[in-house]
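TrEMBL has this to say about the protein:
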- 523-646: domain 'STAS' (DOMAIN)
- 72-91: transmembrane segment (TRANSMEM)
- 121-140: transmembrane segment (TRANSMEM)
- 147-167: transmembrane segment (TRANSMEM)
- 173-196: transmembrane segment (TRANSMEM)
- 208-226: transmembrane segment (TRANSMEM)
- 255-272: transmembrane segment (TRANSMEM)
- 284-305: transmembrane segment (TRANSMEM)
- 374-397: transmembrane segment (TRANSMEM)
- 409-431: transmembrane segment (TRANSMEM)
- 437-455: transmembrane segment (TRANSMEM)
- 467-495: transmembrane segment (TRANSMEM)
Amino acid sequence: MTLNSIKVEDSSCNATETEAATSSSMQSSGVHKVCLPPYRTTFQKLRQRLSEIFFPDDPLHKFKNQTGLRKFVLGLQFFFPVFEWGPLYSFKLLRSDVISGLTIASLAIPQGISYAKLANLPPIIGLYSSFVPPLIYSILGSSRHLAVGPVSIASLVMGTMLSQAVSYSQEPILYLQLAFTATLFAGLLQASLGFFRLGFIIDFLSKATLLGFMAGAAVIVSLQQLKGLLGISHFTNQMQIVPVLSSVFTHKDEWSWQTIVMGVSFLIFLLATRQISTRKPKLFWISAAAPLVSVILSTIIVFLLKSKTIQTIGHLPKGINPPSLNMLHFSGPHLALAIKTGIITGVLSLTEGIAVGRTFAAMQNYQVDGNKEMIAIGLMNMAGSCASCFVTTGSFSRSAVNYNAGAKTVVSNIIMAATVLITLLFLMPLFHYTPNLILAAIIITAVIGLIDYQAAFRLWKVDKLDFVACLSSFFGVLFISVPLGLAIAVGVSVFKILLHVTRPNTNVLGYIPGTQSFQSLSRYSAAVRIPSFLIIAVEAPFYFANSTYLQERTLRWIREEEERIEVKKETAIKCVILDMTAVTAIDTSGIDTICELRRILEKRSLKLVLANPVGNVMEKLHNSHALEAFGLDGLYLTVSEAVADISSSWKAEA
């Protein structure tokens, strides 16, 4: 068997006279010197590392080599995405956004009312929160499908936390002050996270996690709509499956057959129109227009019947958002409560909003900038706190309706806000007879398609840990809560990362005849062992967390190879080669482990050789003087060169 060394240019290495002579000798034998990376100061290394952490997308690359005017325009587009997509906006896009905007507007009123009640706030506050924040987000947000407004989780948490200290019925002014102040602090936290480029935090929300979150939230949101479909007056405010189902069957005496018949009929109608549009994409407008048509028809039916058994939205006062800047509460014994409530609801709403935004972005194959989303959501909450709004974010159910209604851009939020404004000023009496059952039917239709069991099955086939993360998110949302369900799933994802770091893959490599390639013996049947050599590939960074494991696993590979050789009466091992191609980083613990491993093998008359360390690994090995113990023949550019050169030296000695 003949192994030819790889021929490469070696012009980047600077060498002393002695090193040059050695390098020349090595070049003549087909062995190439392993080079150090270009010298950089500590400040340069730190700057590059921080740049990679906080600016991996290099957001300022568009500004390079541009004129002053062009930089100004790019700056506007960077901070205000509306200037980027606005000039390209067309009537065709407007048509889709108008339909989707009107559709989600039909949800904004009843949802705003119900979520405001969930936060123990006046119902009108929910409508105010569906007007101002969407306008702010449409200017700053980067998601095309995120429909902004109050959400159940943040509303429930705010109502629970504030009610523990202050009762709205007894101290309504103080309660409103705390709610608006908590909203301000939530916005400050969210905007700060985005400004300081901490959007990478949400990268822990993997696709598997989002899949489980989406399915779990869809189930919970659908089950909560049973209140409207069945006509139940007294219903739980909790967000877990057990209390929801328990509330449904506990209040069987409140079920209304008129509500059930009408609600199920509209639900079947909505599902049928959606099925038609799914099978015939050209008829997408049927499912897009169906929710709004359902709202109009149901309102007319209830108005004509004037049935007292069918629950409706009821009377709401007219008028736009009054200013609330003077109601912000920055002193007194309850300030700490407002800050705590703001932080918790801010984190929960931010997590939900970005998770929902990324979910729909993935469906349409575009990216959502996490940092821009944080700033947009934060600023809209800060502005909302001064306009009688409480915490808002991307609504799961509303975004699902927005997506299914065919939204193309954030203009759908503007249409929704404009519709809410007109409603606040002129049309409030018309929604007096809108039944709650139609809201329930629309939401169920929207979210039922987000339960992607086929994707979950693919996770099981491809990655069992991803499947566990998906199930953790799903069951966590169902049985605990949305935020804790996400936290559990993130925990599983972090555990997966730690598992890969602390217990990385290692493989014994063999030579594939007729090539320069060394591949895993367990993977390639054509790969053959090279007598006297044991080649081990490490597929992870060499860190303190895995250094002991890698040492023990390497010694085990050696023991198993020696046992195999003893059984088959083959040539004993003389040299162990560590292929470090996939070792992307190393720390002092890893260096000490390699040095300790070399000493252990030396006592057993085995030679340890390193092959192809990457730039920063080579630099640290050099700076630590660890390479001095390996000698000139202890470090090679490739495994192929190491085998060829060491084999030649053994022949020369013989």
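Yeah, the Cβs are placed from backbone N, Cα and C, and that goes for glycine too.
For the transmembrane segment (255-272), the neighbouring stretch richest in Cβ pairs under 8 Å, chosen from 72-91, 121-140, 208-226, 409-431, 437-455, is 437-455.
Simply put, out of 72-91, 121-140, 173-196, 437-455, 121-140 has the most Cβ pairs sitting under 8 Å from the transmembrane segment (409-431).
Stretch with the most C-beta contacts under 8 angstroms to the transmembrane segment (437-455), considering only 72-91, 121-140, 173-196, 374-397, 467-495: 374-397. Taking every recorded stretch in 72-91, 121-140, 173-196, 374-397 and counting its Cβ pairs under 8 Å to the transmembrane segment (147-167), the highest total belongs to 374-397.
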